[in-house]
Amino acid sequence: MRHWITAAAATALAAALSPTPATAAAKTGDYVALGDSYAAGIGAGSYRGTSCVQSTAGSYPQLWAKANPKTKLRFRACSGATTASVRKSQLGVLTKSTRWVTVTAGGNDAGFAATLQTCYLGTDADCAAATQRSTTTITSALPKALDTLYSAIRKKAPKAKVYVVGYPYLVTTGAAADCSFSAGRRTMLNAASDALAQVVKQRAAKQKGFVFIDGRPIFSGHEVCTGSPWIHGVASNLAESFHPTAAGHQAYAKALRKRTT
């Protein structure tokens, strides 16, 4: 998702998962990784000096490709991407010979970055209004946007298996001894995450050869405000805030390997 907090607001803010070796038969062919900052790898560290802020080695697409060295990764995911910008700027490398595609998109369409900022800095009422705005966008505008994107992917890569990688819950709703989000705000944020996951899952199910990978169970017990989070809270590098850590991307890659075995 987008860099979620402004410099002005920033002044107001005061067990890694080991990689699992691949056990599946060797895979060969082109693999195209599409999407926003969750696919680009913000939070995993070591970034290319471009506006897309891609991790150089730690994103889940790179980890999956490393576990399948005979694949050729075409890494097009870009921080800040919406479904429209993925469709307009990232699909050029898809071909009839593309064998695998991963895509994570929709969070920026829903305005999750702004919603997180509001829920962190505002009142409970502000958070309620912001999460409702995101949810309204998710249920009204996002279905068509995802249909358009997924159809474009299928048209350009008719033989590819497409894995739609979803977002996790960002914060736990369980007991949290030290958390900047109240229990009520965490519940509101996760309800919006549920709405997003449901829509992404439904739209992926409409497309032949698309598989939805739910991010929520992958990160269960490792959200922000847990004892061993795989998602950054408010980070010193603000762009990493509320994005998966290196361990989180390893968990994503492990889940992807299980589905592609």
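Note: Cβ is positioned from N, Cα and C throughout, glycine not excepted.
Going by TrEMBL, these are the annotated features:
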- SER37: active site, nucleophile (ACT_SITE)
- HIS243: active site (ACT_SITE)
- CYS52-CYS78: disulfide bond (DISULFID)
- CYS119-CYS127: disulfide bond (DISULFID)
- CYS179-CYS225: disulfide bond (DISULFID)
- 33-251: domain 'SGNH hydrolase-type esterase' (DOMAIN)
- 1-24: signal peptide (SIGNAL)
Starting from the residue listed as 'active site', work out which of the recorded positions listed here (SER37, CYS52, CYS119, CYS225) have their Cα within 10 Å, and give them in sequence order.
SER37
Looking at the domain 'SGNH hydrolase-type esterase' (33-251) alone, can you tell me the average pLDDT?
96
Sort CYS78 (disulfide bond) into helix, strand or coil using the DSSP assignment.
coil
Using all protein chains in view, find how many other C-beta atoms are within 10 Å of the C-beta of the residue listed as 'active site, nucleophile'.
30
Counting Cβ neighbours within 10 Å across all chains shown, tell me which of the disulfide-bonded residues CYS52, CYS127, CYS179 comes out on top.
CYS127
Please work out the number of neighbouring Cβ atoms within 10 Å of the Cβ of CYS119 (disulfide bond), leaving out its own Cβ.
26
Pull out the recorded positions from the set SER37, CYS119, CYS127, CYS179, CYS225 whose C-alpha sits within 10 Å of the C-alpha of CYS78 (disulfide bond).
SER37
Round to a whole number and give the Cα-to-Cα distance in Å for the pair CYS127 (disulfide bond) and CYS225 (disulfide bond).
18
